[in-house]
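The structure appears right after this line, and notes come after that.
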């Protein structure tokens with residue numbers, strides 16, 4: 001064996017069992033039994049042995065609001081690794097007038113040889129011409145089997161219902177999954193412009209201009225369109241009770257509907273946008289955070305298996321230099337917040353609080369993402385033959401989240417001051433230790449592009 005991990009407690013979505021495991025050639029080669037000599041033995045006494053986290057919603061090196069986000073693939077993926085995530089699926093954005101394959105080539109140039117962990121792409125379809133819709137048929141051959149469209153941001157990302165129907169229909173026939181940002185963009189634009197005309201320009205009006213009904217209306221419409229063409233659909237960052245109700249109604253009708261939520265919607269509320277000294281701008285992301293009641297709805301949905309995953313929606317806009325552009329007009333605040341490093345630690349607090357079980361935690365942050373997005377069982381579990389993407393987790397370790405302890409390129413954490421119990425200590429990527437007792441020891445060439453299998457209904 002190359003590495004033996006001894007005395008740990010293996011936790012998968014299916015169960016919990018104390019067992020030693022052996023790693024050979026980047027794969028889990030043996031669980032339990034007697035082991036021969038190894039190049040290295042790691043003592044995992046008192047620690048859980050989790051599969052590496054999988055974050056299927058990140059925006060790295062994204063360009064919006066006439067600027068580029070702070071994190072590069074190098075910094076974002078080191079942060080992810082230190083938080084216990086060993087694979088991300090990033091949003092690769094098509095440029096208008098260009099093909100989807102050109103977008104892939106652009107992202108390859110940004111990520112190739114510069115990623116500390118494994119990575120894949122969803123493609124954001126911004127310019128859905130006839131030729132682009134036809135491209136959906138060939139992208140699965142490149143290992144890209146998911147696409148994202150927006151029902152918001154007219155003039156930037158927003159597509160109409162006919163285009164959404166065509167995209168859903170074509171993707172379903174080619175084994176791909178369409179991910180939808182569900183907000184009624186026209187309603188949101190109308191409300192935000194009305195607020196500004198009335199002199200209401202503070203960050204809180206970002207949330208007030210995108211109320212739950214704006215999200216729920218688009219969610220209901222997207223689900224209905226998927227139903228019309230009998231296509232699977234994945235609603236990204238579901239935030240509120242009204243949208244959840246629409247999801248449940250669609251499921252009851254037999255719609256093949258999946259949905260995620262994100263860490264920020266479990267812990268932050270719209271009240272955070274009213275923090276003094278323009279601090280509320282840090283919490284301007286879309287959809288906006290909601291209420292404590294909505295948080296309870298989301299936690300219950302996670303516990304009951306209705307929501308598929310918890311992602312980060314990591315998008316690294318600095319407070320100074322990005323967010324502060326909107327001091328006089330909330331519409332100029334770049335939408336998004338960091339979170340790829342904090343995700344596992346924050347979701348794990350749900351275990352401590354009795355909201356979800358230990359196995360459900362693994363299901364939400366690793367196993368289900370791998371299954372939905374075509375990476376299981378190579379990733380997302382601890383099993384013989386799987387990639388040795390492993391996190392040794394100390395359930396008793398405590399910390400207070402501070403940006404100074406994070407590994408990204410940011411100047412704040414969305415979860416600054418949160419008290420945490422349970423942290424990743426050692427992280428392995430395909431059998432290589434990349435985080436050793438909290439210290440990053442990997443290299444920017446460790447990560448590999450991950451081809452994903454077609455989606456199966």
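Using the three backbone atoms N, Cα and C, a Cβ is placed for every residue, glycine included.
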> Of the candidates 313, 324, 329, which does Swiss-Prot annotate as part of the Zn(2+) 1 site that also includes 57, 59, 148?
Replying inline: 313
>> 153, 286 show up in Swiss-Prot as binding substrate; which entry in 230, 335, 352 does that record put in the same site?
In response: 335
>> Among 181, 206, 256, which residue shares the Zn(2+) 2 site with 148, 237 according to Swiss-Prot?
In response: 181
> Among the recorded positions listed here (69, 153, 181, 237, 286), which has the Cα closest to the Cα of residue 57 (Zn(2+) 1 binding site)?
Replying inline: 237
> Which chain neighbours of the substrate site, leaving out 153, 286, 335, have a Cβ atom within 8 Å of the mean position of the site's Cβ atoms?
Replying inline: 152, 181, 183, 285, 336
> If you measure C-alpha to C-alpha, which of 69, 181, 237, 286, 335 (recorded positions) come within 10 angstroms of residue 148 (Zn(2+) 1 binding site)?
Replying inline: 181
>> Whole-number answer please: how many Å between the C-alpha atoms of residue 237 (Zn(2+) 2 binding site) and residue 59 (Zn(2+) 1 binding site)?
In response: 13
>> Suppose we draw a 10 Å sphere around the Cβ of residue 237 (Zn(2+) 2 binding site). How many other Cβ atoms does it contain, all chains included?
In response: 22
>> Among the binding-site residues 57, 181, which residue has the fewest other Cβ atoms within 10 Å of its own Cβ?
In response: 181
>> Please list, in sequence order, the residues in the chain of residue 286 (substrate binding site) that are at least six apart in sequence and whose C-beta is under 8 Å away from its C-beta.
In response: 152, 181, 183, 206, 210, 335, 336
